[in-house]
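Chemist: Take this structure first; my questions come after.
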Amino acid sequence: PGPTLYADWGDMIQVTLKNSMPDNGTGIHWHGLRQYHTCTEDGVPGITECPLAPGDTKTYTFQATQFGTSWYHSHYSSQYGEGMLGGIVINGPATSNYDVDLGVYTISDWYYTPVFALGERIAHSQAGPPSGDNGLINGSMVAPAGQTGGKYTTNTITAGKKYRLRLINTSVDNHFMVSLDNHAFTVITSDFVPIVPYTANWIFIGIGQRYDVIITANQTVGSYWFRAEVQNGCGTNNNNGNIKSIFTYSGAASTTPSSSATPYTGRCTDETGIIPFWDSFVPSGPLSGNVEQLNVAINIGVDASGPIVTWGINLSAIDVDWKKPILQYVLDGNNSWPASENLIELPNAAQWYYWVIQEVPGNVNGNPVSINVPHPMHLHGHDFFLLGTGVGTYNNTINGPSLDYDNPTRRDVAMLPAGGWMVLAFQTDNPGAWLMHCHIAWHVSEGLAVQFQG
């Protein structure tokens, strides 16, 4: 990954990007940063800007209105899968004490074939995405069996100290369960949101999500494995079970761990019981009436060149125009944008909007087929309130009463369960054009996104 960017809460941040690539355009998105009243700085080609052309330079300017951990990455198709990403640390209060900040810990899948070539292959194949060839922790990993080279990321800790570790899933396709052998995590943030601390031996981290955890060095002096494992239904990786890093106590006789994993039950769903540290409440009245629904589905058709795979919302795969970003329409007062922009207007400021996101059967060669896949849904420009999730089809009469309006989970990436639903809410308090999309890079490049404008 690229260098980690550091700032303090409230700072004005300026970052200059130069595109030194010979062919591709690019643009940098500051993941999770709300860009409050600075939509032009969101860094999304075709939405808030034109791609930055080879040889050109652009300076992004925005304020750190949140604090915690995040990452920046290219938003030019699946380009970030080649490593065009890095961590962001914005210093601010913490909900639990610690002695040492170990910084960001990026966890990612890795492919030996260039991601643009893979993306084109996936878009024209009914076989689904390929397995990752390996995983990387902070950009490093030992090569799989039968290959040579590489190394584990290593960390040295001192007995009796407490360490803050900033976990970020920067993958293209893989979600992970993560753990440090013999050491519990005290979890203190969920994305950019400080939470009431809770303890876990393993945590699930979907693509784009972040968790800050505190590790207490209270075990026998030695070396211990940190593990990142892909679960069934959460993507596939050819080196699964061997994606690790090493934590070694000062004074340990060996830097090679012999520790064993804590048993756990695998899953591909979000952490539960997350309670934001500062209370927020969502009005419950509007959801008693009509509910806006966004249906997520795959479509596989065939043309003269073979299969064509798209993912869409409400039967439409987004198709943006890099030559004319949607923000240009908005600034010009022109609402004659193409329907393929998948733009939903939210005309009223300071209004609460409620959305049911539902995975529905797709269309494969003209036939309805259920291809149930979990989707990490990411919203730009806002933290959303996650009122509930479930499997099957959402029914407001049955599921509505169980939705949580009293200080619900708040974040910017949440997992839509495979074949299931999620209900989220946010207030229109940040003018602009904001993308909401699946953060599986193959899916968003195949169209799984909408825009909110208001």
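We number each residue from 1, going along the chain as drawn.
Quick reminder: no glycine exception, Cβ is built from N, Cα and C everywhere.
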Chemist: Swiss-Prot records H380, H437 as Cu cation 3-binding residues. Which of H37, H73, H75 is assigned to the same site?
Modeler: H75
Chemist: Need one residue: from H175, H183, H375, the one Swiss-Prot lists with C438, H443 for Cu cation 4.
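Modeler: Swiss-Prot lists C438, H443 binding Cu cation 4, and from H175, H183, H375 it also lists H375.
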Chemist: Of H31, H124, which one shares the Cu cation 2 site with H73, H439 in Swiss-Prot?
Modeler: H31
Chemist: Cβ within 8 angstroms of the Cβ centroid of H31, H73, H439: which residues besides those meet this for the Cu cation 2 site?
Modeler: H29, W71, H75, Y80, L85, T170, I207, G208, H378
Chemist: For the C-alpha pair, I'd like the distance in angstrom between H375 (Cu cation 4 binding site) and N218 (N-linked glycosylation site), rounded off.
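Modeler: About 37 Å separates the two Cα atoms.
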Chemist: In the domain 'Plastocyanin-like 3' (319-454), how many residues does DSSP put in helix, strand and coil?
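Modeler: Helix, strand and coil residues of the domain 'Plastocyanin-like 3' (319-454) number 22 helix, 57 strand, 57 coil.
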Chemist: At the level of the C-alpha atoms, what whole-angstrom distance separates C438 (Cu cation 4 binding site) and H29 (Cu cation 1 binding site)?
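Modeler: Just about 15 Å between their Cα atoms.
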Chemist: Just give me the nearest neighbour of N218 (N-linked glycosylation site) among the recorded positions H29, H31, N138, N395, Cα to Cα.
Modeler: N138
Chemist: Can you tell me the CA-to-CA distance separating N24 (N-linked glycosylation site) and H75 (Cu cation 3 binding site), as a whole number of Å?
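Modeler: H75 (Cu cation 3 binding site) has its Cα 12 Å from the Cα of N24 (N-linked glycosylation site).
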Chemist: Taking the domain 'Plastocyanin-like 2' (101-252) alone, what is its mean pLDDT?
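Modeler: Mean pLDDT across the domain 'Plastocyanin-like 2' (101-252) comes out at 97.
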